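According to TrEMBL, the protein has these features:
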- 40-287: domain 'G-protein coupled receptors family 1 profile' (DOMAIN)
- 24-48: transmembrane segment (TRANSMEM)
- 60-78: transmembrane segment (TRANSMEM)
- 98-120: transmembrane segment (TRANSMEM)
- 140-158: transmembrane segment (TRANSMEM)
- 205-225: transmembrane segment (TRANSMEM)
- 237-258: transmembrane segment (TRANSMEM)
- 270-289: transmembrane segment (TRANSMEM)
Amino acid sequence: MDMMNNSVSEFVLLGLTNTWELEIFFFCVFSLAYAVTVAGNLLIVVIITFDSLLYSTPMYFLLGNLSFLDMSISTITTPKMVTDFLRENKTISLWGCMAQMFFLHFLGGSEMTLLIVMAVDRYIAICKPLHYTSIMNRRVLVGSVLLSWVVGFVHTMSQMVFTITLPFCGPNIVDNIFCDLPLVLKLACTETYVLELLVIADSGLLSFICFTLLLISYTVILVTVQHQSSGGLSKALSTLSAHITVVTLFFGPCIFIYTWPFSSFSGDKFLSVFYSVITPLLNPIIYTLRNQEMKAAMSRLRTQHIRSRQAF
């Protein structure tokens, strides 16, 4: 059915609260969080792009793409959520809702794949250091990033191609901070049981399987290093701690939201906040404040900037 024939032209997002004082508080908190998220992730992208040493390093090339995805995911949801805190009618158009779900699954699927690529990169760097540069060459890196985008596109299209044809003619209230696919499906004026199963299989199981594979890969790395060198374990733990933290923060909410998507779990919207706001905010903190190479790159760029200004 053509979406233009639907009687529902917009959806109402209930958000986090109806209390005016709390809405003002959340407006201030999430506005600041979004500003820090964009600034932090953009800083990572800029540093890696303009620092030749980091740009030529596979791990940081992948990290730059991860920061871009995190910044984009937050941008899809947070600005709308923040402005809704100041609005009495928290609505989103039908097409706006579909676009939001499309890009959330597109970027989310891409990030899942990219995190797996980063895990493979760490395995090769730690367990096969002599072959690292030959295996993780520029062609492989670019191909891996393009593959992550292709996987994300296929992931979102496999669900959205059916969702946009659904008729919406009745209730239009979404009890969340953004248009969440499982909740929107419940509002369709037709039977969506098969499509609901598809969402569980496509999003829930994909999140769970990717998360499990990542944990297994990191375990294999640690076991391999432990057998190779007694001193290498602590170094590997230091290197992998940031990656494991990011993986846990990213996949945790996804698994809860999409493995049990049609339950009445009251914490869904708070998990959504964690996924779309908190995780992108923590990533630049984890990868910059704890990373000496990033700090050194910032220092080099700062020195180059000062010298260029003095030259003029």
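Just so you know, glycine gets a Cβ as well, placed from its N, Cα and C.
Curation does not apply to TrEMBL; its annotations are automatic.
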Remote residues contacting the transmembrane segment (24-48) - C-beta distance under 8 A, at least 6 residues beyond either end: 16-17, 54-55, 60-61, 63-64, 67-68, 70-71, 74-75, 78-79, 81-82, 85-86, 277-278, 280-281, 283-285, 287-288, 294, 297-298, 301
Per-residue pLDDT averaged over the domain 'G-protein coupled receptors family 1 profile' (40-287), given as an integer: 83
